[in-house]
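The active site annotation in TrEMBL covers Asp17. Residues annotated as active site, proton acceptor in TrEMBL: Asn65. Per TrEMBL, the feature Mg(2+) binding site maps to Asp17, Glu200. According to TrEMBL, the substrate binding site annotation covers 18-22, Arg30, His34, 62-64, Trp66, Arg68, Arg181, 187-189.
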Amino acid sequence: MSDTPQALPRHLAVIMDGNGRWAKARGLSRSEGHRAGTETAKRLVTRCRELGIAHLTLYTFSKENWKRPQDEVRTLFDLLVRFLGNELASLVEQDIRFNVLGELEDFPFAVRQALSHVLKKTAHCRSMTLNLALNYSGRAEILRACRRLVEQGVKPADITEERFSAELFTAGQPDPDLVVRTSGELRISNYLLWQSAYAEYYFTDVYWPDFDADELDKALAAYAGRQRRFGLTGEQALQAGD
Ligand code: IPE
Ligand code: IPE
Ligand code: MG
């Protein structure tokens, strides 16, 4: 495709923000905003698969989001269950493996069941991994990894970055290269704190439901134009990239 940027992120992580404000601006309910946001997420998954982005992570429900009104939380779970039911065949067809970043135990039974079903049915898929960050908190994930290492009796000297990463929900996946946040908010909101240590960030004012293929292209073009130095000088990084 001629308009495809040269350097694609292997792992794109998105903070899908602004559903509520999108709805308010249109005189709609917050639920309508979340519904529209779900459609945007579906289209993004397919577009990323077409482009060849191997890992896509969507911030879908944070641990902090439990504090929202109960009605809204219920709407979000309903949308999630419906998404899983409607999209399973399409995920399998597109060879997309579904994965969850977060503890499933805290979810209502119906949600857990729907998640487990899609996890199982897409476990063999290899072309792309779709991670939904659900009941997710970066800090909680880091503490969980610490506890798991202690439980396994790992000696302090054996705790390396690789060993630690293997205890995170993203074990086995590359770190995000690009983190996109919509809706004009300039914060991380407890998202992939360990994994995004060297990610590139892209912020846009566009509300999540309006984040279409053109907006994705803009984000990818911005990413392709960045020089990732990883501590090197600009000249060194240029040579390393040759
Ligand atoms: C993102 O949109 C969806 C979730 C956090 C679940 P918001 O619901 O946060 O939308 P705003 O920030 O209120 O506009
Ligand atoms: C972050 O969005 C969480 C998700 C996108 C699921 P929020 O809208 O909840 O973030 P804050 O609380 O405004 O930082
Ligand atoms: Mg928000």
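From the backbone N, Cα and C atoms, a Cβ is placed for every residue, glycine too.
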Determine the binding-site residues, out of Trp22, Arg181, Glu200, lying near ligand 3 in the sense that the CB is under 6 Å from one of its atoms, and give them in sequence order.
none
Among Asp17, Gly20, Asn65, which recorded positions lie by ligand 2, judged by Cβ under 6 Å to any atom?
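Near the molecule: Asp17, Asn65.
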Most Cβ neighbours within 10 Å: which of the binding-site residues Gly18, Gly20 is it?
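That would be Gly18, with the highest Cβ count within 10 Å.
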Please identify which of Asp17, Glu200 has the densest Cβ environment, defined as other Cβ atoms within 10 Å, among these recorded positions.
Asp17
In the three-state scheme derived from DSSP, which category covers Glu200 (Mg(2+) binding site)?
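SS state of Glu200 (Mg(2+) binding site) = strand.
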Is any of Trp66, Arg181, Ile188 (binding-site residues) within Cβ reach of ligand 1, i.e. under 6 A, and which?
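If the test is a Cβ under 6 Å from any atom of ligand 1, the answer is none.
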Looking at the recorded positions listed here (Asp17, Gly20, His34, Trp66), whose Cα lies nearest to that of Glu200 (Mg(2+) binding site)?
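For Glu200 (Mg(2+) binding site), the spatially nearest of the recorded positions is Asp17.
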When the number of other CB atoms within 10 A of each residue's CB is tallied over all shown chains, which of the binding-site residues Trp22, Trp66 has the maximum?
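Output for this query is Trp22.
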Of His34, Lys63, Arg181, the binding-site residues given in the record, which has the fewest other CB atoms within 10 A of its CB?
Lys63
